[in-house]
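J.: I have a structure here, written as structure tokens, and I will follow up with some questions on it.
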Amino acid sequence: MAGERWQAEGPGEGWAIYVTPRAPIREGRRRLDPRNGDSSDAPAYGAHPSRRGRREVRFSEEPAEVYGDFEPRAAKERSPGGRRTPPEKFRPASAGEEVRESAYNLRSRPRRQRRAQEAEEMKTRRSARLEQHSQQPQLSPATSGRGLRDSPSSSEDREEDEPSSRPVTSQTASKKTLRTPEASVMNEDPISNLCRPPLRSPRLDSTYQTNGNTKTNEREATIVQQVNFFEEGETEDDLESSYSDITIRARSSDSLESRDEATPAAGNHPDSLRGLPHNQDFPAHENQPLLLTSGCQENPQEWVDRAVRMRSRMAYNNIQKSNFGNQSPSTSRPQSAIHHPNEPSVKIKWWLLGLVAILAVGLFWFFHTPAVETTAVQEFQNQMKQLQSKYQSQNEKLWKRGTTFLEKHLNSSLPRPQPAILLLTAAQDAAEVLKCLSEQIADAYSSFRSVRAIRIDGAGKAAQDSDLVKHEVDQELTDGFKNGQNAAVVHRFESLPAGSTLIFYKYCDHENAAFKDVALVLTVLLEEKTLEASLGLKEIEEKVRDFLKVKFTSSSTASSYNHMDPDKLNGLWSRISHLVLPVQPENTLKAGSCL
């Protein structure tokens, strides 16, 4: 049978006597080829007759010792004599065996009994190594709790009685030695390196499951290997030479997977993995000294202190890493936002600062300009009150309507929509009052700027050429307004040449005027000797219009672009007649002087 041991060969065969051959292939009943579409386990049609069909393999709960269709691993190792041992041939099955199915269960082989000489030699080496380390002081419970799983005496009994079918020893039976620096770093106890790990229930180990995780098994098998197994005939030199040929895999091939994969392994080996970080591996290098060897050369007390420090440092690092791993992304994002300021926030702050500056300038301009205008209006009102106190014979409508009209123009927003045009008229008895009052009203308008109003005398230009007068009037008004003067007075408007008056289209054309922030005061002296005070403003306006029409238009004057005609006069009148106010004579006014 597959589980029975074959008889040993001659003494020269070496390890071949301990090789368990693969179970023989038993032939059952032959099956017909699936020619008609039926499915069976028979070989395909046309296959070679010597090729047997596939077998169904069922795995038992015990670890498997048969490795499929290849040779046993022990058969590939070299024998002590230096030659390779050929694999054993399987003996034929007896005729009386009953072939039930083309399936069988894989069973672990029974442990072999050591020969007396071999067991005595291994005990001698082990006892010598135990005596070498028995002089070291006893470790603290915290130190020995992780490293010493069993006492040295129990480890011997466990090594003798433990089945050889453990996954760790069965997978590495062909190795000369297994010296793991990782186990030394984790346990840091020289005595624990001589102790075999405790027996584990084969039902709880995922290595024995057919659908188990091979990555976890590989990690477990690597970490559990803490004992140095010495084969027959090897020496200490062989151990040191074979140390450089072994690479310990402390983690699975895919170590970047989630930590949940490493948690079950840590549960199976709590003493081995508790102090080891998940993402830390310890590859064994050729020049790296063993912790056990260095510990034997140093003082035992120093070695114990170093082991305690290394263990506490590894535990502290593991706590830090676990805390960082358990931190949620929502907690880590605000920290990164604190260390690294957000650039859009800085830009928004700069934009806000610029906006505040613009608003400050706008508010300053908004509040400053009305304050200036308010001061100008107040100054104008004060001047008009003084004039009203001086010229007491004037009609109340003159002060009320004139002050309101010019004050409204001063309060209008900048730029103002149109200039302020005021026309004053009087009879022959109030000629001196008309001249003085018109100039003082214009000066009151520009009193805030402390400048004198522009003065143009029409009576002095009556005999001059119309074009020349027009040019002179235009030049005086333009220069004065450009130089900061905002008021002008034109005396004796009716005395100007008729054609020259067309220049006032430029300065009085409402929204199309050349200068809109100015005030013009025009005076017209009627031919009548006295002007009745009972006349209304409408009647006075008609009197002035009819007088200018007679003055500027005549049938003998040729019609041309530079000569006045009724149509042009009507257009000019509509532009200069915004407000027409009468002026009455003053008894206190002396000739040649103003009040």
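The backbone N, Cα and C atoms fix where each Cβ goes, and this holds for glycine too.
Predicted, not measured: the structure shown is a model, and the values here were computed from it.
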J.: For which of S60, S170, S242, S393 does Swiss-Prot record the feature phosphoserine?
T.: S60
J.: Among the residue ranges 373-400, 401-428, 541-568, I'd like the one that Swiss-Prot describes as coiled coil.
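T.: In Swiss-Prot, the coiled coil feature sits at 373-400.
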J.: Among S140, S201, find the residue to which Swiss-Prot assigns the annotation phosphoserine.
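T.: Checked Swiss-Prot: the phosphoserine annotation sits on S140.
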J.: For which of S79, S151 does Swiss-Prot record the feature phosphoserine?
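T.: Comparing S79, S151 with the record, Swiss-Prot tags S151 as phosphoserine.
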J.: Mean pLDDT for the region 'Interaction with TOR1A' (368-595), rounded to an integer?
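T.: Taking every residue in the region 'Interaction with TOR1A' (368-595) and averaging pLDDT yields 88.
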